[in-house]
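Data first, discussion second: the structure below is written as structure tokens.
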């Protein structure tokens, strides 16, 4: 790939992720305003279950097909790629229908016994079409990533998010007057509608590509092609299932422990909705940029490792950490200064301001921890990532179980865990990174530099907060000042 082509595709990915992240954020804002904190709580309660079944039906397929597509293109075996797509699509169609049927049959049991909330029943039924749809569309998405054609997936992802919002808004508005359960279910149904549009567009684009790029190489047997795909995807699926199980346990545990602290179930569910469906959306919104940068940095780290260019690997690691720090420190200043204005601006819910402010203290740790996981993945340390994730998940559950039931702490136990888990995550991740590359992290100058910028920006923010009334202008001002100070010092 030419350098100019690489940068062009990089910009497309960054812009796409920022737009889709913004659309997801808008979706959460509209949803929260229509169905309230309790409704968001039900929605967030169901999402981990949805994600778990997605991993069961098609986990790891996108990555696996992407690798296979890249290899087949390099070897000039596009016909074998087409045959792989066909056999895997048939397998996924059959497998996802089987799993979806079981989910429909046992939906009441899942809502009552696992989620422990009967109001989640209709939401579970509403997401079942998406299990089949996403399993198939993941194959086509993998093909395009493997062929390094990023424009189509970027465009389709944006369209999917727009359709989800367009379908969700009128459905929720009408059904919220009938029942909260149905309005929550309509949000899940909107998700299925968005994914259906994605599948149709991916299928059409794939057919056009296949027509323009005919190939007549002799492929392996269908069973061999299916085996080659599943061999790659099954380990990735198990890793995803494991992560979502812990996420689901968290979703069930938080309302449960809040009840133990003396809150009613309705209040506990509302508090959970405010945390997971509002406060955390705001706190993690800047990571849209961080995730976009990771997409660019991770392949470059992997490439330099193959070339044994370890000095370049160091530079990439330092740069990725610096980007995380810039985002984290500037975001901390914003969220710590005007949490009340931000909570009203986006969700019209002033009660989440304290949550946002408390969570902001963990941002510098959490953002760098996130990038450290990306670095480990780039170094090929997937097993270490799984072990570290398991350790952190156990810490999460332990802190939430013991601290959230204390009346004076309640939901803020999550904020305590937010910081402690990030500290442990940073330590074990950087030990693994350092042992892998034997890096000597000489970043004292960078720490001093960012500390100086941070303190200056923090001081300026206190003055600006008294002058600037509009929160959006304040946000832009802080990010601009931080970057400007960074440029001056460098």
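Residue numbers in this text run from 1 along the chain shown.
In case you wondered, yes, glycine gets a Cβ from its N, Cα and C as well.
According to TrEMBL, the feature transmembrane segment maps to 12-30 (among others). Within the chain carrying the transmembrane segment (12-30), a Cβ under 8 angstroms from the stretch's Cβ atoms is held by residues 40, 150-151, 153-155, 157-158, 161-162, 164-165, 168-169, 172, 277-278, 281, 285, 288-289, 291-293, 295-296, 346-347, all 6 or more beyond its ends.
Among the features that TrEMBL reports, transmembrane segment is placed at 42-66 (among others).
Per TrEMBL, transmembrane segment is recorded for 87-107 (among others).
Same-chain residues lying 6 or more positions outside the transmembrane segment (119-143) and placing a CB less than 8 Å from one of its CB atoms are 42-43, 45-46, 49-50, 53-54, 57-58, 61-66, 68-69, 81, 85, 88-89, 92-93, 95-97, 99-100, 103-104, 107-108, 110-111, 153, 156, 180-182, 184-189, 191-192, 195-196, 198-199, 202-203, 205-206. Under the heading transmembrane segment, TrEMBL lists 119-143 (among others).
Beyond the transmembrane segment (187-209), the same-chain residues lying 6 or more positions past its ends with a Cβ under 8 Å from any Cβ of the stretch are 31, 35, 43, 46, 50, 85, 123, 126-130, 133-134, 136-137, 140-141, 143-144, 147, 149, 152-153, 155-157, 159-161, 163-165, 167-168, 171-172. What TrEMBL records for 187-209 (among others) is transmembrane segment.
Summarising the annotation, TrEMBL assigns transmembrane segment to 230-249 (among others).
Positions annotated as transmembrane segment by TrEMBL: 282-305 (among others).
Among the features that TrEMBL reports, transmembrane segment is placed at 317-338 (among others).
According to TrEMBL, the transmembrane segment annotation covers 358-379 (among others). Non-local neighbours of the transmembrane segment (358-379) in the same chain are 279-280, 283, 286-287, 290, 294, 297-299, 301-302, 305, 317, 320-321, 323-325, 327-329, 331-332, 335-336, 339, 385, 388-389, 412, 415, 418-419, 422-423, 425-426, 429-430, 432-433, 436-437; each lies 6+ residues outside the stretch with a CB under 8 Å from one of its CB atoms.
Residues 239, 242-243, 246, 249-250, 253-254, 257-258, 260-261, 373, 376, 411, 413-414, 416-417, 420-421, 424-425, 428-429, 432 of the same chain lie 6 or more positions beyond the ends of the transmembrane segment (386-405) yet place their CB under 8 Å from a CB of it. Residues or ranges marked as transmembrane segment by TrEMBL: 386-405 (among others).
What TrEMBL lists as transmembrane segment is 411-435 (among others). Counting residues 6+ beyond its ends, the transmembrane segment (411-435) has Cβ neighbours under 8 Å at 254, 257-258, 271-272, 274-275, 317, 355, 358-359, 361-362, 365-366, 368-369, 372-373, 375-376, 379, 381, 384, 388, 391-392, 395-396, 399-400, 403-404, 441 in the same chain.
Positions annotated as transmembrane segment by TrEMBL: 471-489 (among others). Packing against the transmembrane segment (471-489) from elsewhere in the chain are residues 326, 329-330, 333-334, 337-338, 341-342, 345, 449, 452-453, 456-457, 460-461, 464-465: each is 6 or more residues past its ends and has a CB under 8 Å from a CB in it.
Taking Cβ pairs closer than 8 Å, the transmembrane segment (230-249) reaches residues 48-49, 51-52, 55-56, 58-61, 63-64, 67-68, 114, 382, 386, 389-390, 393, 396-397 in its own chain, all 6 or more past its ends. Residues 282-283, 286-287, 289-290, 293-294, 297, 301, 356-357, 359-361, 363-368, 370-372, 374-375, 433, 439, 443, 446, 450, 453-454, 457-458, 461-462, 465, 471, 474-475, 478-479, 482-483, 486 of the same chain lie 6+ residues outside the transmembrane segment (317-338) yet bring a C-beta within less than 8 angstroms of a C-beta in it.
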